[in-house]
């Protein structure tokens, strides 16, 4: 059998975390601490703030939409990053649970399901995410390169700085460099943010289904009754790990997904409005089209895999009664009956964004409807 290693999918996430918060990994020297503090003050805090402050200066309509598009994206990115930093200890515990659950995959049917569904979906999602991030940052850096070689030192995004950029070319170059650097750091934050939730929900749904396969096969092999009863007790212990897994996931992604749903809906509306009314050059049009796709890629996988988790939890009682429980000992049947009653409560487990919005495909379509409604308001306000 092939060795299962689900944690390999998290390597890019931890690479981002090592770049952004090396102090979490016991690297607590004074220069490293100073690096982390400055990075989060200058980028996580000040970058979205200096974009938002520009909105108070009453810019033109085109500047307002261009600024607001990036402002909302960066505010959401910073908030999600801070939420992930707060939950890093729980994320480490989740990884230890995944590592334990991987060791329980034994039969050919389980390996086949893991290979064809869990591993395939996780790999497809991560590749799609990395390609989309790569495309948008390739276009971003190409646009910066074209701007610099043409001698244009204007800011990438209209923003507030406490000094006059027009009268001092050097300060203008510093401000432009700051925005480019901040966008690259925000890219690492965004990659970490958008990798974790869908990937973890995918693995949770997969391991719940794999447990159902094991449970459904119980009693169909030529084993003694005592052996089957012990296996039932082992599966109950595995179920406890799944319960802990589910609880930790619900807690660690709650705030992140609330920001995701609200931020994506507003950002999609503003991107479409800006493209229709203000984008004139081809590079910007392609950039914002890819940006629109990236925002959708951010939102859809989390909702899709959350729906899969809910469906797998609904099927747990059926998986238990699919086992050959009727040929087992009285103790086996009694334990299974009590256990089934407990799992019926799983059907009420719902992963919610911020404890308010149920996370599933309905939430994804509701967000798109919200974006369309906001866009309709903009169109009506423009008199089109």
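Cβ atoms are placed via backbone N, Cα and C, with glycine included.
Of all ranges given (275-295, 296-316, 317-337), Swiss-Prot attaches the label transmembrane segment to 275-295. Topological domains recorded in Swiss-Prot put residue 23 on the same membrane side as residue 111.
Contacts between the transmembrane segment (129-149) and the transmembrane segment (359-379): absent, as fewer than 3 C-beta pairs lie under 8 angstroms at sequence separation of six or more. Stretch with the largest number of CB pairs closer than 8 A to the transmembrane segment (64-84), among 36-56, 170-190, 359-379: 36-56. In the topological domain 'Cytoplasmic' (296-358), the DSSP tally of helix, strand and coil residues is 47 helix, 4 strand, 12 coil. In terms of DSSP helix, strand and coil, the topological domain 'Extracellular' (57-63) has 3 helix, 0 strand, 4 coil. The stretch from 36-56, 170-190, 252-272 that makes the most Cβ contacts under 8 Å with the transmembrane segment (359-379) is 252-272.
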